[in-house]
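*Asks:* Pasting the feature list from TrEMBL:
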- B:46-222: domain 'Aminotransferase class V' (DOMAIN)
- B:Lys202: N6-(pyridoxal phosphate)lysine (MOD_RES)
- B:Arg365: substrate binding site (BINDING)
2 protein chains.
Amino acid sequence: MSSSSHSFPPLDPPARLLMGPGPINADPRIHRAMAAPLVGQFDPVMTRYMNQTMAVYRAVFECDYAQTLLIDGTARAGIEAVVISAIEPGERVLVPVMGRFGHLLTEIAERAGAEVHTIDIPWGQVCTLEQLETALKTVRPSLVATVQGDTSTTMLQPLAGWGDLCHQHDALLVCDATASIVGNTLPTGEWQLDAVTCGLQKCLAGPPGVAPITLSPAFVERVNRRRHVEAGIRDTQDQPQAGPRIGSNYFDLPMIMDYWGERRLNHHTEASTMLYAAYEAGRIAVEEGLAAAVSRHRLHGNAMAAGVEGLGLALYGDQSTRMNNIVGVRIPEALDGEAVRAALLQDWGIEIGSSFGPLKGKIWRIGTMGYNARQDCVLMTLAALEQVLRRQGHACPQGGGVDAAYAIYQRAEEGAVQ
Amino acid sequence: MSSSSHSFPPLDPPARLLMGPGPINADPRIHRAMAAPLVGQFDPVMTRYMNQTMAVYRAVFECDYAQTLLIDGTARAGIEAVVISAIEPGERVLVPVMGRFGHLLTEIAERAGAEVHTIDIPWGQVCTLEQLETALKTVRPSLVATVQGDTSTTMLQPLAGWGDLCHQHDALLVCDATASIVGNTLPTGEWQLDAVTCGLQKCLAGPPGVAPITLSPAFVERVNRRRHVEAGIRDTQDQPQAGPRIGSNYFDLPMIMDYWGERRLNHHTEASTMLYAAYEAGRIAVEEGLAAAVSRHRLHGNAMAAGVEGLGLALYGDQSTRMNNIVGVRIPEALDGEAVRAALLQDWGIEIGSSFGPLKGKIWRIGTMGYNARQDCVLMTLAALEQVLRRQGHACPQGGGVDAAYAIYQRAEEGAVQ
């Protein structure tokens with residue numbers, strides 16, 4: 001009751017260059033789109049915007065799945081909606097674990113009542129098609145859940161052939177692509193992924209808080225076996241309720257599809273402003289072209305990786321399977337990694353990331369994502385890092401980072417980068 | 001794969017005066033606040049903003065509960081987080097059902113595995129303290145869940161005395177106040193509510209998409225019995241995992257409290273832009289003063305109710321227990337309610353609402369909420385409604401709505417409205 005004793009100043013965030021694992025600086029176009037006025041949730045204008053958002057994300061996910069929509073929550077809300085809607089208690093789920101987000105998938109599936117089996121891969125590596133096949137034969141899961149890019153390790157899981165293999169073994173394949181989408185190739189339709197989830201705050205260049213997802217016809221058929229309509233809005237035309245209810249109302253995908261579908265059955269009230277952000281983020285990606293966006297992320301990621309090595313630092317993990325948009329950097333033994341991060345943030349306004357669990361204190365993570373996958377961001381980060389390392393007593397070649405990055409840009413101009 | 005055949009124009013929403021049950025036009029201050037740049041999720045600036053947001057919502061909820069924070073999702077995300085974290089499968093939950101949102105609470109609790117008992121109240125009425133007491137004695141629930149304002153019926157549930165009564169019967173009391181907060185008195189601490197949830201899109205004058213909640217110490221103690229830390233970020237200092245895990249990772253309140261608390265254990269990535277919106281919405285309410293805000297909503301709601309009657313239309317439900325910020329209007333038999341709504345929207349840019357279930361096609365719902373709880377909005381809506389009714393062949397007194405509203409404003413100026 002001490003409200004009168006508080007003062008609540010306006011928020012006035014400082015300028016930051018966000019070169020960590022996300023969120024990154026949003027594209028100013030997205031800020032402008034979010035300033036648009038609200039309309040009612042069943043206004044024909046709003047439902048048209050919802051349809052346009054579905055269409056733009058079909059292009060972003062590179063698929064023609066009808067059920068492509070937004071979950072109103074952060075990226076893991078999309079994951080949970082997919083997993084909790086697909087799994088009935090007692091079903092077997094297979095999860096390759098090669099970083100923090102494998103653990104997260106495991107945990108979400110367990111809470112949904114699944115019997116979860118994991119393929120345990122050392123952090124910094126990825127899962128092979130052979131390892132997947134062996135596990136499919138042994139476990140016989142009804143669902144395989146993975147992440148394309150596990151930001152905790154910076155690794156990119158190759159997924160070509162996974163969909164086909166899972167389907168041969170009667171399993172659906174779901175994949176979170178929050179960290180990787182737009183920065184790395186992800187042809188959902190060609191790879192036969194049954195559900196893909198993501199967020200905006202990485203290579204889509206938007207703010208966190210909404211989760212675009214896409215669902216294959218087979219996935220939709222599966223979750224619709226448990227379709228229900230809420231008592232308060234049920235109609236005479238609604239079928240008797242079938243199958244055990246999904247363990248969440250908020251993440252009940254059949255209900256959410258009814259809201260996004262022609263019946264427009266009210267579920268939640270769509271987060272209009274975040275929808276505006278998602279639509280604009282999707283538009284930006286489609287306008288650039290997905291192939292061009294992936295190339296851009298590869299170029300600037302390579303420049304950052306080369307630059308970091310040019311400063312005498314070692315990269316983390318198998319570089320042949322690194323995400324284009326983020327590099328892991330081993331923190332030299334003699335250095336206090338958090339002191340370096342603090343100096344970069346406080347004195348230079350530049351954020352880079354740390355990591356989790358076994359990698360806590362061991363690596364930094366430097367992102368080149370979305371709006372910040374740009375030459376000026378790469379050069380500035382490397383120049384600042386050089387000065388901070390030097391001032392903390394860590395010798396590094398003068399200009400070694402910047403020169404190595406320039407060399408990558410030079411080669412790209414000469415057409416040598418594929 | 002037909003992305004090239006689509007064109008994705010920029011979103012350019014038309015001007016709308018949103019006088020339905022929400023969302024309503026956001027206060028322009030909130031749009032400006034949302035344009036602020038992003039900062040990293042563990043930036044000291046961001047964690048300070050999180051703390052300030054907690055403080056401002058303690059003032060909005062009128063309580064001193066330490067655990068006052070945001071759930072990243074729409075209003076019902078807040079409800080589900082509270083219910084699913086508090087209930088272990090098999091526990092008894094009591095829900096008074098007097099509209100659509102009572103059904104929703106029932107459904108969320110059932111999906112969490114609760115044995116749900118309802119107090120069934122005719123739509124348009126509210127639940128008495130005596131009815132509650134009888135049910136508490138019979139059912140002996142561990143949790144009572146209710147809504148303060150059920151937008152589907154426009155009714156306001158009186159809650160004074162409920163907390164004390166529930167506690168006498170060893171039940172915690174949780175309440176959703178999405179539709180009512182800031183428009184109606186809600187002293188969470190004084191009324192001993194154990195959890196209150198809301199959204200921004202009604203009297204808080206913000207966009208939908210984030211859910212402020214507050215939790216009493218007793219509620220926190222209860223959910224913390226099932227506190228877990230995710231495998232990917234677990235630390236040696238973390239206790240062995242206790243109790244059955246909460247059925248959702250996304251809505252696991254102990255984890256969310258660890259993210260908002262001093263340890264800042266990563267859970268989701270906070271939706272920064274929606275946090276900016278929530279903070280500014282809370283600031284606006286606190287600056288106006290909660291008592292003044294409630295008076296303003298009462299005044300304009302009364303003017304709208306009088307105006308509607310002045311047009312010869314009948315109000316819906318017991319007016320002595322109506323929310324200040326919304327009126328239900330019986331649609332005259334001879335009129336097509338949807339045609340009236342369509343004309344208002346298409347020709348006048350004004351949105352009013354319909355309703356759900358048994359009230360579908362029976363009532364309109366007209367809101368005077370947040371930024372739109374203003375005299376000009378009330379007068380324009382009544383004037384437009386008069387013209388639309390007349391042109392659809394429904395006789396009504398010329399200026400009858402506007403004059404009746406002016407009479408309320410006149411009386412208020414003379415100090416006659418309490």
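Each Cβ is built from the backbone N, Cα and C atoms, and glycine gets one as well.
Any TrEMBL annotation is an automated prediction that lacks curation.
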*Asks:* Please work out which residue of B:Lys202, B:Arg365 has the most C-beta neighbours within 10 angstroms of its C-beta, and give that one of the recorded positions.
*Replies:* B:Lys202
*Asks:* For B:Lys202 (N6-(pyridoxal phosphate)lysine) and the residue listed as 'substrate binding site', determine the Cα separation and express it in whole Å.
*Replies:* 13
*Asks:* Can you give me the average pLDDT across the domain 'Aminotransferase class V' (B:46-222), rounded to a whole number?
*Replies:* 97
*Asks:* Please report the three-state DSSP label of B:Arg365 (substrate binding site).
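*Replies:* Assignment for B:Arg365 (substrate binding site) reads strand.
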